[in-house]
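First comes the structure, then the notes that go with it.
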């Protein structure tokens, strides 16, 4: 935007030496006199007189770009550049333009340079005078530094044409130098234009002039540095080498790339560098090389965002692939090529070989010119022809890039619209909005510009990009936050919601206000275990970021529900809900301008969710950004929704329901439903001995009492429950009522203090803890595949060995020592281990081995006898091992594990090639769910499963639970989730359980009968090999034998009895 005269430091009357009379004439004698005076000073302007250039600059700052035409300066410059006999005039014209660009009126002269002298300046780099060559290059560099990045495409066409076809090598080296300058001046646009740049550069690097070769190869390295794809970043030097030395380097580079797993979005810049290599690779002789090229094409194309990106390259890849498909002899390699062809056609939306594909329609600049003039006319503005044409070019380029961000259009167009004499900032904004709406409509897009965009105080208005590991999450996204607004951050798992909040907290968002300007606080959803011994009040007072007195801390804790006793209790004793309230108390005391709330309702009961809702609704001085999967909470709290989609952030006013009305495809955020292409599948459990119906109890508790050491009262009192394969139980209750404690008893993490507890010996339980990530926290640098191979490497679940029921108390150790001594036939024997098990009436007997004795001396001992001897832990350990063995008839191999993870919506790329540290929160929970169900559990226990799964994943989980053949127990505060899943309620309150909706039974006489499924004809061994099962001959029953004998007797009587029948009789 042109500065006001006062801002530019221009005096009311301009003292001038070279154009002294020009300003006075402008005020007194009109335009004719101005032109005459300026024309008289032509020699001074073209001689490089800095005072004359400065006076002209000051005048242009006052009068705007019209001054150039009114004073005849444009004609002077054109005349100077075209004066073939006067090198000083040519140099002076270049220098004058450079001075104007560098002295603050670049936008004013930009349309003139672009429309009138760009070609002349490029050609001047080949002038016979070195001074003119140098001056023209410096002028072009100065112009590139001030021009709008959205004009780069048209400038690039001129530069690339001259670089390829110019007869003078100085022009070529100058163009290459200009390309390097453009890389610095407008890197994002240059990256997008790489498909146009690379083909030209591959020619220029082979120019016959050594100077051109050297300069272009150096420039190619700088240009390739614009490619942001992390997957190929380390291969860029090899890719450049393959362009320079294709015969030697192409096979080597393809070999390098074939071992790469592509996970990041593939853009046009990446394809521009890769396609020359791949196109040449298709012409290599070895079949293996062609196959690798097809694999790379297939993998990369799957990561292309839309057909506009891939279409320019179809003609270079599809014909080659189709040709080798018909010539390859290897059927496996041919199938790979066919897959690549199919992927290219699907993504590019073509049917043929791509050679006759019409380019996607771009916006016509002439039609855009009419739109610009119309929009200006609506605001009673009229631009000069050069400025109007330049605006049309910028608008067309924005539309062709499908960039319809209002902030981008305003920042691009307003500086030029305000150059029009008499224009005001409000008019410029109105023109930008009008053009944005019109161009979006002409391209088939719809853009909503909300009236409240400019209302209220801005806390943040920045544009930035964000990546997580190798994955681009946001690309030139705009984030604008207003004071007092509550923003709900919506997007699918992996879109970058939590990563964005972390980046804001860590100061990694470019342009976000510093902590000195805006106070930002990230509300953690969990507390570090190292703080567990501190009391709640001590923990608050120990935080150096909170400048408050002890009284303020006590008062705030009272406000969020902590009485004096709870304030002085250790953090370790708090439930998840109370820990969240501690985190909220810290945020209140910090007096933040922006609160970042990541799943604030996790672990909170209904009462506390109501409290935090009321707090946020009444919070007028601070802004909140909220990530939550609780649709009711977002509806009650949010004033706006920020939608993370296709690497951008789009704001929608209103709550979640209003957002869904505007964006119907986002309905999954508000409703628990899922499409056919997004589902979970829980593995069906194996049959259990003695269990004939789904309703027969597998776990029983009666009058169980449990108390943590050091606590004043029991956490569970008189609990009686049953669980079966038919169970669908919601465990409900306020925070701290004992829900998680009960679950820990069920899964064996703890043991009851008193009362009876029984589990079926072969029972397998799958468990996902309240803090789900604790399962994988020690393995974040492993891939999900490696984690599974570690956890189940022995055929048992290694997490089982960490449970409390595997450790012996002192009393149990003493009883075990006495019970280990067996007296058999008068001889003492010392118990060693249990090595086998078989049925004994309604129970089991176990094969016991003894120390220093052979296996021939083993004895079978009933289960009750072993338990009475204090060997219950050994019995339970063996039962657990047997249960796992029975459920582990699936091979622990890569293919089987990948299939299992795909049942939970985790793609193979993430399973085998991404470490868990790089997965989103939702993806990590999928890993935890899949790992917990690998052993095909009979009962699955989920502690707060709604905490980290998005709406679509929740819907998929509900659907999977409906079809699951085992039992399910769920702790949740989500009424929507529990009502959609469970028919039985266990209401916990202060350690007491009240069950309702149950149908408990201990017999097999009633309920749904279990039927043994037919076994598959094939099975996979531990090495992943597939084998056919031999069908066993059916054992002949006594009834069958009697029937066969009767048939033989009848044949004997009828005279049809033969020798074969005689053998059968024998």
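In case you wondered, yes, glycine gets a Cβ from its N, Cα and C as well.
What Swiss-Prot annotates here:
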- 112-149: repeat 'HEAT 1' (REPEAT)
- 151-188: repeat 'HEAT 2' (REPEAT)
- 192-229: repeat 'HEAT 3' (REPEAT)
- 231-268: repeat 'HEAT 4' (REPEAT)
- 269-306: repeat 'HEAT 5' (REPEAT)
- 312-353: repeat 'HEAT 7' (REPEAT)
- 418, 735, 944, 947, 973: ADP binding site (BINDING)
- 454-672: domain 'ABC transporter 1' (DOMAIN)
- 699-1015: domain 'ABC transporter 2' (DOMAIN)
- 997-1066: region 'Disordered' (REGION)
- 1042-1054: compositional bias 'Basic residues' (COMPBIAS)
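Overlay of Swiss-Prot feature records on the structure.
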residue	record	CB count, 10 Å
418	ADP binding site	19
735	ADP binding site	21
944	ADP binding site	23
973	ADP binding site	25
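Secondary structure by DSSP for the repeat 'HEAT 7' (312-353): 32 helix, 0 strand, 10 coil. Here the repeat 'HEAT 3' (192-229) has long-range neighbours at 152-153, 156-157, 160, 163-164, 169, 172-173, 176-177, 179-180, 183, 236-237, 239-240, 243-244, 264-273, 276, 312-313, 401, 472, meaning same-chain residues at least 6 beyond its ends whose C-beta is under 8 angstroms from one of its own. Sequence-distant contacts of the repeat 'HEAT 7' (312-353) (same chain, six or more residues past either end, CB-CB distance under 8 Å): 195, 268, 271-272, 275-276, 278-279, 282-283, 287-288, 290-291, 294-295, 297-298, 301-302, 304, 359.
Taken as a whole, the domain 'ABC transporter 2' (699-1015) shows an average pLDDT of 82 in this prediction. For the repeat 'HEAT 3' (192-229), the DSSP-based tally of helix, strand and coil residues reads 27 helix, 0 strand, 11 coil. In the three-state DSSP classification, residue 735 (ADP binding site) falls within coil.
When the repeat 'HEAT 2' (151-188) is classified with DSSP, helix, strand and coil residues number 34 helix, 0 strand, 4 coil.
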